[in-house]
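What follows is a set of notes on a single structure, which appears directly below.
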């Protein structure tokens, strides 16, 4: 069978080849001119063409069939000249047949269309109805709103009309009162001016009479002139007299007479009235002041002040009055006047505090800049480079305990050196600071004589110790200094490790030591307490490693850290004056690294580190945290507990040291005053529970326990009695030192203080009280605790003033002219401004005047002028309420 090509197919169906190729391509068949066409491809093309020209069902049968019929015939038509003409007529007919299913679909589509149109019509009608209803509802709401607005407007208009009527009535009454007052003022003014005129005339006549007498005395010399002017003298024309005094007096009288009519026409302006600078007839430059028009008694004397250039006034903690005046560019007398108006008397050389100086400067219209005296000190100490991260450091351990219980021997065995043998009598005579390298790490030890240095440093605010090791001899047990060491450690809040020493002795009884210490709240861990007990023998070295492990374990719990890099800071452990080397200070570095050549500020002393030695006397170049070193090069001997800080600038360090020396006396006085029983209330911190620290000594143990129990029962939620130390026997120096460090009072029951303790108490200005009756002791402590209770306050209204008028003052702003309706208005009390019985401002009075005078108070029924500080929105009808805050003293229930 011959293959049918695309070209042959195009010729067969009468379609151009390009069109046929395009149709094949549309049908998804790619062909060229010479490609053959299979029967299936022809069917695919046919189906594609049918789909393109009309929809087909799944069987490809058409739903619509169109038949075209064409018939040709010849028609004879008569032409011109009687001839007929044959015309070819072709009739074309076209008829379309549609399947029944297609008709049904068309009907169904038409029906759906009709239903959709009907539904749309119904929806449109419903929407129109809803819109009409909403429109009607909106119109009704708008109508109701308009009616309500009209009603409210009518009500407001009626109220405004009533208010205007009341205001007009009040205005008429006020106008009438003002006219009456004005009339009275004019009458008073006329009387005053008439009186002034009479006085001036009398004075002028007196001067003229004196001039006449002078002329008569010099009659011989002026005889010729007197004869020429005798006629003028008879007519009382005194201008021609030769006396300069007479001419001046007459000129002054004439000027006053000429100025009288003009003065009556002018209003009184007290702030602007000034005396004339001489007249045209004055001679010799001697000016006579003209009559100054004084304000009447019906006017308030708020004068317009001269404009003063505002200054930025820097005020320290104290300032001399003359220095304050100089900074404000005014005379010192002006400052004293302002202070007198404020109720403070001062002289030109008097020193006033910062708060008073601030009030005076603000009163005179200047801007105040408050300066701290220690700004330089803060700037120097804050200029430090300690940005490095904190790292772990070695613990600082203080060895404490009773005399000869083995403190130095324990430390000596650890250091592997015989320090104790070199001491006088085997007792430690000076403070030693050492650091030792153990297998488990480094530890720094402070060996103190008893606990004096520990307490002295804590009294100065230095917290150099991390852990306290309490050495107790197993054969002696708890001794007085052991108890004091426990009290000091607890007061400092430092963890305590007990080293029970001398367990190698035959009469050693460690269990007895535990029982005795348990009475002072030192409970072993095996008994459920928090204190570690280590049994050691300093002489034989028994269990020394166990003590070191306990120290390092406690330091791990504390998580001790310090900055290793950067500028160093530390605390002075001990200091002395060496004969050959000058001031020598033992410094415990707490953070940073101390290098040779650094500039160090130690309390009131400063200097460059010329040399550094460790505890063995070896020269070193630097020392890190927890390392004790001896430094040389300070300007003087610092005190134990002073903070040692490395600074950048030696000049600023010298300035800070000089400033601290100047303030030392004030600081000492303040420190002496803080332990007074009467000052306990001032030492309270707001929001914290107040503590009354007590050191209690009695004659017998029973009294100590009874008094301590009674004092503890006095504690409340607000005030707590804290017994920092107690014991049997007289009051010793250690008791006084503990009281000074703990800010405590000393109570002695049937005991007395020895000479050394009395000297310490006197130097520290501590509060020492003796008692022989227990109830008297309890009552006085109870009264002191009552004084430490936070007071209660209530407000009492003492006066009420009604604002009748408002004036404007260039200096004070809005001034309220008031009538005191209730109580008394006092200048020094706080006030409230009420409008329609609602508080709109709370503040204080800036000015209170009665007529032109400043007054301290105005009583009921009198008028006054009130200036409210920092508030100018005072209106007529306002009320100014003056109240005072009354303190209600509280007592213990």
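Keep in mind that glycine also has a Cβ here, set from the backbone N, Cα and C atoms.
The region 'Disordered' annotation in Swiss-Prot covers 51-203 (among others).
Summarising the annotation, Swiss-Prot assigns compositional bias 'Basic and acidic residues' to 102-203 (among others).
Here Swiss-Prot flags 216-238 (among others) as compositional bias 'Basic and acidic residues'.
According to Swiss-Prot, the region 'Disordered' annotation covers 216-299 (among others).
Among the features that Swiss-Prot reports, compositional bias 'Basic and acidic residues' is placed at 245-261 (among others).
As annotated by Swiss-Prot, domain 'tr-type G' applies to 392-561.
Annotation source Swiss-Prot lists GTP binding site at 401-408, 447-451, 501-504, citing sequence analysis.
Taken from Swiss-Prot, the feature region 'G2' covers 426-430. The average pLDDT the prediction assigns to the region 'G2' (426-430) is 41.
Annotation comment: Swiss-Prot describes 501-504 as region 'G4', evidence class similarity to another entry.
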| task | Reduce the DSSP letter at residue 404 (GTP binding site) to three states and note it down. | result | coil
| query | Near the region 'G4' (501-504), which residues from the same chain, at least 6 beyond its ends, have a CB less than 8 A from one of its CBs? | reply | 405-406, 409-410, 471-475, 510, 535-540, 542
| task | Translate the DSSP assignment of residue 503 (GTP binding site) into the three-state scheme. | result | coil
| Among the binding-site residues 401, 404, 407, 503, which residue has the largest number of other Cβ atoms within 10 Å of its own Cβ? | 407
